[in-house]
There are 2 protein chains.
Amino acid sequence: MASLSVSRHSHLLSGSIPARSKPISGPTRVRMSLRENGPSIAVVGVTGAVGQEFLSVLSDRDFPYRSIKMLASQRSAGRRITFEDRGYVVEELTADSFNDVDIALFSAGGSISKKFGPVAVDCGTVVVDNSSAFRMDEKVPLVIPEVNPEAMQHIKAGSGKGALIANPNCSTIICLMAATPLHRQAKVLRMVVSTYQAASGAGAAAMEELELQTREVLEGKPPTCKIFNRQYAFNLFSHNASVLSNGYNEEEMKMVKETRKIWNDKDIKVTATCIRVPVMRAHAESVNLQFEKPLNEDTARDILKNAPGVVVIDDRESNHFPTPLEVSNKDDVAVGRIRQDLSQDGNQGLDIFVCGDQIRKGAALNAIQIAEMLL
Amino acid sequence: MASLSVSRHSHLLSGSIPARSKPISGPTRVRMSLRENGPSIAVVGVTGAVGQEFLSVLSDRDFPYRSIKMLASQRSAGRRITFEDRGYVVEELTADSFNDVDIALFSAGGSISKKFGPVAVDCGTVVVDNSSAFRMDEKVPLVIPEVNPEAMQHIKAGSGKGALIANPNCSTIICLMAATPLHRQAKVLRMVVSTYQAASGAGAAAMEELELQTREVLEGKPPTCKIFNRQYAFNLFSHNASVLSNGYNEEEMKMVKETRKIWNDKDIKVTATCIRVPVMRAHAESVNLQFEKPLNEDTARDILKNAPGVVVIDDRESNHFPTPLEVSNKDDVAVGRIRQDLSQDGNQGLDIFVCGDQIRKGAALNAIQIAEMLL
């Protein structure tokens with residue numbers, strides 16, 4: 001197990017455990033996923049928040065591998081990582097890194113993916129890329145395993161034939177984990193989404209800045225503003241992604257475009273407003289759905305209860321619904337506040353509230369589920 | 001000036017000042033609003049967060065009065081308050097409190113309003129009530145002065161004829177301050193609202209608990225959970241109001257019903273999802289609007305720039321949009337992220353993002369603007 005930099009925040013993340021989630025692995029856990037017949041894998045960006053979570057999820061899921069390479073920028077090269085009771089030295093990512101690598105998990109930003117993704121493919125590696133670099137490339141499958149596994153069924157690891165597979169944006173994954181089972185039943189025509197996004201989406205440094213700023217503000221000091229250029233503690237703000245000429249920011253347009261690609265329907269109407277809130281590592285989303293066919297809220301709840309990777313937390317009497325804290329470090333996306341939308345006629349609308357761990361299902365877990373389908 | 005209990009949080013609330021907002025008054029400010037020809041006023045619930053803000057706003061706006069009574073429960077009676085350089089002793093609220101009171105500002109909860117509101121009216125007092133007790137009473141005007149002043153035009157203070165006027169819910173006020181100017185132009189058919197609500201809506205004790213919990217969590221201690229019965233620090237949760245049989249909570253239904261009453265249109269379609277976020281005293285709202293007539297985003301922006309009590313913060317290039325921190329302690333409601341909704345055809349939809357100080361325009365300021373119209 002690596003010494004996770006994100007585990008510094010574990011005391012901010014204590015929540016009760018919803019049903020069906022796996023316990024997180026601790027540093028004392030002894031696992032051995034090394035297997036002669038497993039693939040050789042590489043983790044690109046291993047020192048980042050998602051890179052560290054890749055290791056955590058690989059271990060939790062007992063992912064089989066015959067070897068693992070820890071890759072990062074020159075700046076991090078030479079750092080030591082202990083993973084599953086073995087010591088590794090972080091290697092610098094170069095064009096030669098992918099010889100004999102069957103599967104590479106990338107999470108080092110779009111420019112690294114653009115530069116080294118094709119290099120890895122040329123070496124016969126299947127790249128599962130967490131950046132936005134290739135998501136809208138028509139030749140690259142954009143996959144949530146529970147939603148559209150068929151998009152990558154032609155790709156296998158270890159065949160010597162390289163390929164790219166893109167991991168969707170975290171907000172898109174979390175939204176569609178809940179919306180897809182309902183879409184299959186009643187066909188979504190339009191979605192209005194407002195997000196409540198955690199610091200983790202901007203990386204481990206953003207989480208650290210939120211913690212630091214909060215301490216400073218409580219002490220009456222001016223907050224350190226390096227990552228977001230504004231006070232984040234006890235505040236919220238429109239997502240830091242660039243704003244495009246149509247007034248949407250890039251995060252919102254990812255939700256619009258990726259939903260259409262994943263659902264393979266260019267007519268799906270989506271609008272989104274993406275907001276950062278002072279929460280550490282799990283996103284929440286308020287989702288208003290308009291359907292082609294009537295869909296009763298009780299039917300919707302039953303569908304969601306039976307959906308893989310989804311847990312329903314919808315206790316009206318005790319006012320217990322999904323919260324970011326409860327899904328932090330958990331695999332499942334939690335859904336609640338499931339109710340018939342009063343503003344739509346004929347039972348053709350629903351409001352739901354969704355929470356999911358941004359680093360886990362929103363990034364690392366989804367990527368490793370994709371990798372599992374390659375075996 | 002009273003020693004405001006909420007001013008303890010001032011170090012959590014430093015933000016830059018948007019245009020057209022008034023500076024907040026400080027304890028060194030010398031004001032004299034005592035005037036022989038002003039009304040006699042009473043503040044009911046003067047020791048609470050909104051009660052304290054009543055005093056702050058009365059002073060800021062140089063509200064004229066010939067006398068002022070500080071009223072609260074027996075528990076707070078006897079406390080001393082300095083207001084505009086005079087000393088006052090908090091008196092216990094009783095049935096005899098309203099003799100010779102022209103205007104009473106109530107913010108002591110619904111049950112106090114229900115018990116003492118009619119008593120005050122019988123004494124010839126005009127009651128401006130901040131609770132939800134009378135909001136949906138057909139005989140009681142529900143007023144946002146910038147929106148529907150005509151609803152209370154038949155009521156005057158000092159005539160000896162008592163009356164009740166209700167202050168809307170904070171989330172409704174903040175939403176409608178932005179939506180009404182657009183509604184007048186293009187007629188809103190449907191609104192989908194998701195809120196990001198501050199601690200202050202649950203009172204000064206909730207603000208204190210958020211601060212205390214945050215300190216505890218940062219120190220690795222379990223958080224004190226008295227007000228909300230859960231961790232609020234670095235977390236968010238569905239609004240604590242009771243959930244009704246239709247799955248909406250009371251806060252959400254206030255937005256639905258109050259909008260219809262204030263706009264005097266029973267056909268307005270509204271859905272809302274109300275969420276508490278770890279912010280001190282200003283609410284944010286993501287509002288999706290569907291209009292009867294086309295409304296261009298540039299026209300909408302111009303309309304909002306000219307709307308009273310509204311400030312537009314909509315700088316796409318520098319990613320500067322409204323934040324709770326920037327509107328804290330400010331009068332104006334800030335609107336930004338004004339853009340044509342991609343999910344609606346024919347320019348008949350807009351997305352906007354609104355922030356407003358929950359204690360000020362969401363409660364005390366709105367009530368005192370109502371009181372000003374009574375003079």
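Cβ coordinates are placed from backbone N, Cα and C, and glycine is handled just like the others.
If you check TrEMBL, you get these features:
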{"type": "ACT_SITE", "residues": "A:Cys170", "note": "active site, acyl-thioester intermediate"}
{"type": "ACT_SITE", "residues": "A:His283", "note": "active site, proton acceptor"}
{"type": "DOMAIN", "residues": "A:40-155", "note": "domain 'Semialdehyde dehydrogenase NAD-binding'"}
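Separating the Cα atoms of the residue listed as 'active site, proton acceptor' and A:Cys170 (active site, acyl-thioester intermediate) is a whole-number distance of 8 Å. Per-residue pLDDT, averaged along the domain 'Semialdehyde dehydrogenase NAD-binding' (A:40-155), amounts to 97 for this model. Taken residue by residue with DSSP, A:His283 (active site, proton acceptor) is part of a strand.
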